[in-house]
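Here is what TrEMBL says about this protein:
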type	residues	note
BINDING	Asn118, His123, Glu128	oxalate binding site
BINDING	His121, His123, Glu128, His167	Mn(2+) binding site
DISULFID	Cys41-Cys59	disulfide bond
DOMAIN	72-221	domain 'Cupin type-1'
SIGNAL	1-31	signal peptide
Amino acid sequence: MAKLASSCQLAAAAAFAVLLILALAVVPSLAGDPDMLQDICVADYKSLQGPLRLNGFPCKRPENVTANDFFSNVLARPGNTGNAVGSAVTAANVEALPGLNTLGVSLARIDFAPWGVNPPHTHPRATEAIFVLEGSLDVGFLTTANTLYARTVCKGDVFVFPRGLVHFQRNNGNAPAAVISAFNSQLQGTQGVAETLFGASPPVPTDVLARAFQIDGGLVEAIKSKFPPPKY
């Protein structure tokens, strides 16, 4: 019986090892960005002034790379939350930190005024994990089956928003709050639900939105007026 138990334990351990190896083999294919093909590929912003366009950024020549290409203190300062939604997102992605190019990760800081909201939005290229620096937040995401997964998170807590799903955060207190967000993409993309539908350029037809939301066209136009189209 002892030998049988020992054999079962060894078999279970072997099976676990195989599963672990398979999981590690699959993980890279599920990453938000393609795998890097060299040690470093610091983004060369100047190259984009020419006709060349790539999926990402071209690399600086190695002799032009410095330690500062891998450094940023942009997340050290709270963002300005004096706006209509009462929140501010400060990004530390490849557009602000060139050393992140091809590394498949980025960060952001989200600051909230009392009762401030980070409105419903999606990140089409990344899963997001938040770490609460200060305060208490109500957070949640919606699945494609319209199921809401929501709870309250406090200082020191972590919450994950799956890639591509609509999600939100709201400060539920009278004091400021802040979180650090981590993404498995160098440039996760952010698509706000309201801005996308009511602030598109050219605009989404009013009758389409009126039927979708089952409201009259006048109300659609009133909402559109609060979301001016982006200027390029």
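Each residue, glycine too, has its Cβ placed from N, Cα and C.
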* Structure fact -> Spacing of the two Cα atoms, His121 (Mn(2+) binding site) and Cys41 (disulfide bond), in whole angstrom, works out to 30
* To do: Measuring Cα to Cα, tell me the gap between Glu128 (oxalate binding site) and Cys59 (disulfide bond) in whole angstrom.
  => 26
* Asked: To the nearest whole angstrom, what is the C-alpha distance linking His167 (Mn(2+) binding site) and Cys41 (disulfide bond)?
  -> 32
* Distant-in-sequence Cβ neighbours of Asn118 (oxalate binding site), under 8 Å, six or more positions away -> Val85, Ser87, Val89, Ile110, Phe112, Phe168, Gln169, Arg170
* **Which same-chain residues, if any, lie at least 6 apart from Cys59 (disulfide bond) yet have Cβ under 8 Å of it** => Gln38, Ile40, Cys41, Val42, Ala43, Asp44, Asn101, Thr102
* To do: Ten-angstrom check, please: count other Cβ atoms within 10 Å of the Cβ of His121 (Mn(2+) binding site), all chains counted.
  => 19
* Counts of helix, strand and coil residues, the domain 'Cupin type-1' (72-221), according to DSSP -> 25 helix, 58 strand, 67 coil
* Asked: What other residues of the same chain, not counting His121, His123, Glu128, His167, have a CB atom within 8 A of the CB centroid of the Mn(2+) site?
  -> Thr122, Phe141, Phe161, Leu165, Val166, Gln188, Thr190
* **Local confidence of the prediction over the domain 'Cupin type-1' (72-221), expressed as mean pLDDT** => 97
* Asked: Taking the center of the Cβ atoms of Asn118, His123, Glu128 at the recorded oxalate site, which other residues in this chain have a Cβ no more than 8 Å from that point?
  -> Ala108, His121, Thr122, Ile130, Phe161, His167, Gln169, Ser181, Phe183, Gln188, Thr190
* Asked: Sorted by position, what residues of the same chain at least six away from His123 (oxalate binding site) have a C-beta under 8 A from it?
  -> Phe161, Arg163, Gly164, Phe183, Ser185, Gln188, Gly189, Thr190, Gln191
* Structure fact -> Excluding its own, the Cβ atoms lying within 10 Å of the Cβ of Glu128 (oxalate binding site) add up to 22
* Determine the Cβ neighbour count for Cys41 (disulfide bond): the number of other Cβ atoms within 10 Å of its Cβ. => 21
